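Below is one structure, written out as structure tokens; comments come after it.
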Amino acid sequence: MKAIRIVGNAGTGKTTTLLSLYSYLTNRPLSSLQRDIINEYFGDLNVPRGKEALMLTFSSTAAKELAKRLTGQEDTGYLTNIRTLHSFAASYLAQRRSIKFPTVNGRPGDTFVVFCRKFNIPFSTEEPFAPLLGNTIANMLSAAINRYYPEEKDIGIVLAKHILPRLQGKEQEVLLSYLEFKEKTGYWDYNDVLMALFDEEHIDLSSFGDEEIGYLIIDEAQDLSALQYSIISKIVQDNQDAIDLVVFAGDPHQTIYSFQAADPRFFMELDKLLGVDVETIVLKRSFRVPRTVSFASKQLLIRTRAVLNPSFLNYEPRPEIGEYRVIPFVDLVDGNTVSEAIKMSQVRKLIEEAGDELKRGKSVAILTRTNVQARFFEKLFILAGYSPKRLKASAASAADKLMFILAGVDYLQNGLEEGAVPKEVKEELFASPGWRANVKRFLRLTAFSRYLDNELIERMLLYSFKERGVNFDKMKFKGATLDHVQKNEKLRRLVEKNRPVIERFLENPMRFLSRKDVETYLRDKDYYDVLLVLLRTGRALTDSHLFIDTIHASKGAEFDVVYLYDSTRALPATESEKREAVFVLYVGMTRAREALRILDTENSLLGYFKREHSLYELGNASLVQHLAQVAT
Ligand SMILES: Nc1ncnc2c1ncn2[C@@H]1O[C@H](COP(=O)(O)OP(=O)(O)OP(=O)(O)O)[C@@H](O)[C@H]1O
């Protein structure tokens, strides 16, 4: 068996290289770039080809992104062989024993989230490190298990030694009741799945999937924990004869999941871990990061003494000089409403400037430290008429959701006469494969649900549409055709009885938009105000290459122009928190292909490091001058 470690800075092509290798080994067609990469790095790779590869990565977003890049299709979801370690563990174990998860929206859900909902424990699914009771416990539990379980081999000891003593009284109580909840319901959680896989006597890859797995490929390897590495090295040992090649790719300076016990040391000391010689390939050219951005981001690592291995920083940036600029900005989220913020001159300037870049065809990202901040910028840009996207593969953007509601209202107001309905609205509401779900969702947003029984409304509405001249004849609903509805005397009477309500609804659906339902749908009441402004002004949102999300979500992605909003009240306290904070900024900065613009607020984290460590004072003189010029 051969082991390779691919190390490369941001944008040096780690993922591209892994995918090339994946295609090469599994005899899939190669592009000319992929062929060049194989020739450059794997020309003398002495490994039999033609088996299947198991590709593991850290986040589900990354797994889906890999699948997307491999198949060229937008929405493939998981591929059998490209997964997170959690999802691999769950499906491997499910083949052997019954593991039980709670069902949420028809799919296996997160047990801890279900527990928090049931017992009203504050928890944010979108903000992993929110200072909420549920998030504190979830992180603590998961971090401790990921860090100590391989050593202690007993969850009881991990709990007693590493978790309970660090929790406050209330937190202990909640943790214990969570354990009780799991015991009672028999539900598993993600930690259980990892522990159980680690405890397997023998992990047998030959029984996974339909084809023989000969290669193990791991991306974002710097973000894996002790437990995850122990599982991977166990897979390697248990399948010595079958696995011809194991490859790890990563960048230790992009470790941003320490709060879940990610530890880059394992990646740095792979040979010790695997007990075999590991060949290292260092990718030395960044195809993304231009010179100024490369310089500024390296300075941040060096000055704050966060460098783990100086030779890993030694890469050639893109030849373009690029732009690095610091823009004085306001601390937005604390104490401002969206409608106040949008009147501020700095905010308007930002929106205008970003708008100009978008008009020029550039991709633009606003990256923030927290999810709350990202949502705030999202609302600002929606109000300004843009349709920003989120980065997580599964997250529908707020703009899309708002547009969906607007399209529904518009349809019902204006589109009842055939032909008058805009094509895309028709598609959105009725023609797409999910039209039933869409109609249902829309109906749920209306006050109809207050007046009428849910299932009946759906049929009745379709019935009324028919009377207004829209042809729904061919559509089936819950097994009943409209014909059936018409013939059903009971239903007919119900429709007649509620005709005034239906008529009023059809006259002005807006009247029936219920604030509460919209809020539930968008899960954030502020969007209702944004929606109202949009409805009142009748403004359509322009679709664009504008992305607004957290720095964490931006991992692995790239944009022409990046705005970094890193305002925070919670300054890092310990050395390891400080290093993590630097790595997060590093990831954010290195997403930029052309321009990096720091939104410098009073509570800017980069500003804090700048003051603490006199950043950008030393180094390449001409670049420093350039930076100093643009920074003032
Ligand atoms: N050999 C190459 N020649 C030209 N362009 C390349 C090459 N390898 C990668 N690229 C391009 O460089 C960009 C970054 O590549 P990729 O995402 O694979 O880098 P990465 O090292 O995984 O980045 P990150 O550290 O941010 O995850 C992409 O746009 C990719 O298409």
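Using N, Cα and C of the backbone, Cβ positions are placed for all residues, glycine too.
Per TrEMBL, these features apply:
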DOMAIN    1-290  domain 'UvrD-like helicase ATP-binding'
BINDING   Gly8, Asn9, Ala10, Gly11, Thr12, Gly13, Lys14, Thr15  ATP binding site
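When pLDDT is averaged over the domain 'UvrD-like helicase ATP-binding' (1-290), the result is 89. By a simple count of nearby Cβ atoms, those within 10 Å, the most crowded of the binding-site residues Asn9, Thr12, Thr15 is Asn9. Within 8 A of the CB centroid of the ATP site residues Gly8, Asn9, Ala10, Gly11, Thr12, Gly13, Lys14, Thr15, the other residues of that chain are Thr16, Asp251, Leu283, Ser286, Phe287, Arg288. Taking a C-beta cut-off of under 8 angstroms and a sequence separation of 6 or more, Ala10 (ATP binding site) has the following same-chain neighbours: Asp251, Gln254, Ser286, Arg288, Val289, Ser297, Tyr586, Val587, Thr590, Arg591. A coil conformation is recorded for Gly11 (ATP binding site) in the three-state DSSP classification, outside any helix or strand.
In this view, Gly8 (ATP binding site) is surrounded by 22 other Cβ atoms within 10 Å of its Cβ, with every protein chain counted. Most Cβ neighbours within 10 Å, among the binding-site residues Gly11, Gly13: Gly11 holds that distinction in the structure as shown. Remark: Lys14 (ATP binding site) has Ile6, Gly8, Asp219, Ala249, Gly250, Asp251, Leu283 as non-local neighbours, by Cβ distance under 8 Å and separation of at least 6 in sequence.
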